[in-house]
Amino acid sequence: MINLHRDRINYSMDKLIHGTNYTTLRNECVQRNMISPDMVARIENTAMDETTRHRKLFEKITKRGPKAFNTLLDICQRQFPKAYAELNPASNDQQMHSTLNPQRVRSVSCNVAPKAFAIRGPSSQHELVDGMNNNVAAESLTEESKCTLLVYEEILPSFTVTLSNGPAATHPKVLAYPMKSRRRGVAFIVNVVTFVKDVHPKRNGADIDGQNLISLFQQLGFIVFYYEDITMADYKELLAKLKESEYLSCDCFAFYILSHGDHKKGSDYIFLHDNSILRVEDILTEFNTVNCTKLIRKPKLFFISICRGEQSDLGSYRLSTNTERDGMIDPRKPLPSNIATYCDMLVCYATVPGFAAHRDPSHGSWFVESMCRIWAEHAHDTDVEILMKLVGEFASTYRTETAALQTICTEQRGFFKQLFLNPGYYERPEDKLN
């Protein structure tokens with residue numbers, strides 16, 4: 001079970017105990033092979049009162065592998081509605097993990113905010129278990145499993161993506177990237193929540209971002225890889241495995257990273273769990289046409305959800321007057337047939353250089369929430385660049401208690417075609433059925 005699901009159980013433990021029946025929950029868990037009768041015997045032999053048994057049962061569930069959380073959700077949805085609402089807050093109003101505030105006023109938590117209370121469970125190990133074999137015998141994880149390239153299991157959606165009835169209408173003068181096959185895309189998501197020795201404050205609310213992004217990309221038909229609190233060594237190993245795999249034989253690739261960060265001397269920096277520094281430019285270099293040939297001529301989306309400075313944007317304006325041209329190729333000569341090193345890339349930042357990105361500890365970051373809302377509603381008939389304009393417009397209506405705002409920005413590197421995600425539409429009918 002990943003940390004964001006474990007956190008949710010541990011944080012709501014008392015309410016879950018109050019909202020469920022121990023005997024019923026125990027029996028359901030055994031019937032669904034989430035725990036074994038031997039595990040139940042050990043719990044009941046060591047815990048005399050039912051409340052303690054109840055608590056130990058939930059603690060055991062948090063160690064039961066990647067399918068355990070969804071199994072628990074299903075049990076609670078059928079048997080314990082109050083507990084289900086605690087584990088899946090969006091079920092209360094069928095919306096995303098957010099509260100609709102008509103004035104869009106939000107509290108701020110960025111890289112200069114004070115630390116808040118921690119809700120991480122007793123084990124902070126980065127756990128990855130074989131999703132195809134969630135056997136009750138697999139109670140512990142080895143070091144070798146830490147960097148397994150594992151497709152994230154399908155989760156219960158906390159919001160609904162509108163599906164396409166057919167391919168979206170393209171602009172008559174702009175071609176579109178092919179996005180109609182069963183291999184629709186791969187989303188590689190890195191969510192850094194905590195940092196070694198608390199060098200940086202915990203990113204409260206980041207678990208909600210993770211849940212929403214997993215739900216969004218899965219509904220868009222993407223294969224999702226999701227990792228929390230990884231080190232630089234983990235990152236390099238996972239990236240190498242991904243680039244060697246057949247997963248990248250797909251229509252589209254999306255890279256999403258959420259953490260603390262900064263912008264200095266023209267470069268953007270991202271802090272990983274071990275406080276190592278990852279440059280945004282190094283991420284893009286990994287997937288250029290030289291270093292990742294599998295994605296040549298494929299659309300590559302990069303989402304960088306970090307602060308790019310410490311300033312709060314209170315509405316000042318910055319104008320650029322530099323309009324010099326560096327030079328052009330002789331138009332009388334034929335264009336060469338080579339391909340650019342950086343092309344088919346769209347890079348989306350949560351904020352502009354020098355300014356903070358905002359995150360609500362209870363509802364997640366403005367960037368992720370805005371993106372999930374807009375994409376869920378409009379991805380069926382709107383291309384990605386227009387989607388990001390809508391995301392930016394939506395996020396611009398947010399304000400902190402001190403009236404600070406946030407400006408999302410995008411950069412395209414040879415991204416010359418339209419990209420329609422076409423959720424739910426497949427060119428071949430058999431793809432939709434399989």
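Every residue, even glycine, has its Cβ placed from backbone N, Cα and C.
Going by TrEMBL, these are the annotated features:
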DOMAIN    1-91  domain 'CARD'
DOMAIN    183-311  domain 'Caspase family p20'
ACT_SITE  His260  active site
ACT_SITE  Cys307  active site
DOMAIN    344-423  domain 'Caspase family p10'
Can you work out the mean pLDDT of the predicted model over the domain 'Caspase family p20' (183-311)?
93
So how many of the residues in the domain 'CARD' (1-91) end up helix, strand or coil by DSSP?
70 helix, 0 strand, 21 coil
Other than its own, how many Cβ atoms are within 10 Å of the Cβ belonging to His260 (active site)?
22
Pop the Cα-Cα gap between Cys307 (active site) and His260 (active site) into the table, whole Å please.
6
Taking 10 A as the limit, how many CB atoms besides its own sit near the CB of Cys307 (active site)?
24
